[in-house]
Amino acid sequence: MMSVLLPAALAFVLGACLGSFVAACSYRMPRDISIVFPASHCPRCQEHIAWFANVPVLGYVFCRGRCLHCHGSISPLYPLLEASLGLLFAAVTFHFLPDIPQVIWYLSLVFFLFACGVIDAVSASQFGGGEGIIPDFFSVGGLVAGLALAIWFGHFAASLAGALAGGGILLAVYLYYRYVRQIEALGLGDVKMLAMIGAFVGVTGVLYTLFLASLTGLAAAVFFMIYHRSFSLQMKIPFGPFLALGALLVVFVRG
């Protein structure tokens, strides 16, 4: 047990650090702000954030959720995302050890899933309309990473087939609704994201992911319609978070 707990703890730290990066991207990318410059700063007073305040999770606790300069509140979304990805990384490591290639494979997938799902959800909630964005940096970047890892691990054909299946299925749906029904049912970001997922989980995994994403997305849509008392078939919700959730279920149940 101890031989698994230490790697899982290290994976938590790595995940929390990457979660901090995703949290920053979720704020910057929808606003077309560089993810490199300027350095981390308070959005209210624009003062740079001290290094110790940037430590994932602990920095938020140390600062009591406030900027050390203007004392304005800092969104709890940041430590929540950091802790969430940290826990996911720890769970993947605990679940798949001692198979190191499996750990590397699924940690990579979980990172890209988390980034795509979070940024899609956050951008949709911040800018309204139910339409978020899924940056190519993570969707296409994840696709390239998946195919590259597949070459390294020796199952490129299965990975390529999964990517083509994932992208092809949603591309067909996108084209049908866009040009036949003439409505925007989903975006190309969703197409690229499912192609990325397919590169990691293969053709069968893509089908399971799409089924679970559709099921959970439909349940969420019904919940929101009841909650807001607005029964409109034109209601829009981002699909990326549900693709991420579906793929995560595939990883932990089938993986």
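Placed from the backbone N, Cα and C atoms, the Cβ positions cover glycine too.
Between the stretches 45-63, 159-177, TrEMBL puts its transmembrane segment entry on 159-177. Per DSSP, the secondary structure of the domain 'Prepilin peptidase A24 N-terminal' (13-96) breaks down as 48 helix, 4 strand, 32 coil. Long-range contacts of the transmembrane segment (134-153) within its own chain (CB-CB distance under 8 A, at least 6 residues past either end) are made by residues 25, 29, 101, 104-105, 108-109, 111-113, 115-116, 119-120, 159-160, 163, 187, 189-190, 192-193, 195-196, 199-200, 240. Between the transmembrane segment (233-253) and the transmembrane segment (159-177), the number of CB pairs under 8 angstroms, six or more residues apart, is fewer than three, so the stretches are not in contact.
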